[in-house]
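J.: One structure, as structure tokens, below. Some questions next.
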Amino acid sequence: DINTLLLSFTTNLLANPAIRKLSSVLTRNRFAGMLPTADAKYENVDLYAPPAFVRGMTKLNREAFKKSVSVPALRVKKEIINKLMKSLKSVALQRPGVKRVVEDPNDENHKLVLLDPYKISTGVSFGEPEKNVLKEHNVSAEIHKYNLEMTYENFKCEEILRAVLPEGQDVTSGFSRVGHIAHMNLREHQLPYKHLIGDVIIDKNPGVTSVVNKTNTIDSTYRNFQMEVLAGLEDMVAKVRENNVTYEFDFSKVYWNPRLSTEHERIVQLLKSGDLVFDVFAGVGPFAIPAAKKKCIVFANDLNPESHKWLQHNCKLNKVDQRVNLFNLDGRDFITNIVKGQLTKLLNTGTEQNCGIHIIMNLPALAVQFLDAFKNLLEEPDTSQAVLPHIHCYSFSKQDDPAEDVMKQAEDVLNCELRRHCSVHLVRNVAPNKEMVCITFQIPGEVIFQKQKASKGKLYLSF
């Protein structure tokens, strides 16, 4: 049968000595994460792995990462080193903190160019471009051994953590950067090593002076979360720059997500000078302040007193405080009072409206539920030329079709059809099988105006 044939073929193939050797090299380098060498001379050198005995370390001991390895080197006269290095760059040794050119202990007139043992093992390992350059400068392709003393500084962050944490388990070296703060979301098996992880993150990332770990989900009224300082300073007041705007805030008390920079910019690009913008859940101002800098008239609100404080601070910091009206209200109260008041005033002027009206609702866990605040919000105006607000509402979805799911969420709350008159933008993947989505639509007159012709069942847009 087919299984017998396959077994016979595999057995005969592996009987070939050359195939067995190639299989061994590929298997070994698969786990080392390297390409196979051209020669067995340096095949046991692993520059990417710290000493094995650091496995299980929970308190960082930098001295324990010292190791000595033999690497290939090329002997070159001092006066032509600079002429050669550009041509040898692709095969030269590249490790953090390691000098690629060192003194030759046996000849003061020469230096040694350290080479990558996974690319060069003998003189024949050089490619044609390197061979031609060596020949042009009369440099021997003979390979010498150099004993390289490696330390903690010569290993990358992920390499250190992979060597320390339990073998076969996920290793994290990724984090969100918020000013000087590295924000991590450690998993259960990583927690025993949390302080070591924090120390390594600070060591390997210039400018990071604090490392924190989120200890619960963002489910509080004020959208902040509990965090633990793993390493470094306790100072949580961060300064960040996003889309040419500077923000300052206490990261432990407000919500800030650096992964939303592109989304902030996308929405602001939709705005025009003179537009009226209502930011229902404004946070520290990533929508409101760029909108004000674009000379929009902005009304920004947030329930969290700390967010409101830093929003006010950031408006002054960016010199837009004269164009931003600030509120510290529940989102529903903001809609039914401030938004209603401003729209009523606009409708009652009786003049032609040249501005756009945008309402931003960035509270993905709950924003859709606030849409019902727009039902019967305004009295129907005498003119049919009234400009209706565009709503940009964010939500989470765990469905296979997140766009359809979020549209249905909004339709169910407003009791009207939106799908033919809206756009849905996938913002980002928040977690496995969880998407953040923005639905944008012009709110139907049949929804927002008190006097409306209602039919049985759902209301439908009519433009």
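Cβ coordinates come from backbone N, Cα and C, glycine included.
Unlike curated records, TrEMBL annotations are generated automatically.
Sequence annotations record features per position, and here TrEMBL assigns S-adenosyl-L-methionine binding site to H264, D302, L303, D330, G331, N362. According to TrEMBL, the domain 'SAM-dependent methyltransferase TRM5/TYW2-type' annotation covers 175-445.
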J.: To see if you understand the setup: which same-chain residues, six or more apart in sequence, place their Cβ under 8 Å from that of G331 (S-adenosyl-L-methionine binding site)?
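T.: Correct list: V280, F281, N301, L303, M361, L363, A367, F370, A373.
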J.: Which has the fewest other CB atoms in a 10 Å radius around its CB: D302, D330, the listed binding-site residues?
T.: D330
J.: Sort out the sequence-distant neighbours of N362 (S-adenosyl-L-methionine binding site) for me: same chain, 6+ apart, CB within less than 8 Å of its CB, listed by position.
T.: D279, V280, F281, G283, F287, H392, Y394
J.: Grab the S-adenosyl-L-methionine binding residues from the record (H264, D302, L303, D330, G331, N362) and give me their largest CA-CA distance in Å.
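T.: Max Cα-Cα spread across the S-adenosyl-L-methionine binders: 22 Å.
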